[in-house]
Amino acid sequence: MKAGIHPEYVAITAKCSCGNVINTFSTMGKDLNLDVCSACHPFYTGKQKEVSSGGRVDKFNKRFGGLTAKK
């Protein structure tokens, strides 16, 4: 590697809107302000809502589930 062409790798702090502070390293060189981090994101906290969009079978049963075939 050539000397003097690579950016400096410095310590920065990433501050979340929930108050969590994460110390990390970056070549950007300035502190970050985050909207969401692993301490407040619903996926990581377990407060995630699972949405079932349903498939073709569910759609069919919703439309024709109560009907019976005549012989």
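Including glycine, each Cβ sits where the backbone N, Cα and C put it.
Residues annotated as Zn(2+) binding site in Swiss-Prot, with sequence analysis given as evidence: Cys16, Cys18, Cys37, Cys40.
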Cβ-Cβ neighbours of Cys16 (Zn(2+) binding site) (radius 10 Å): 18
Of Cys18, Cys40 (the binding-site residues), the residue whose Cβ has the fewest other Cβ atoms within 10 Å: Cys18
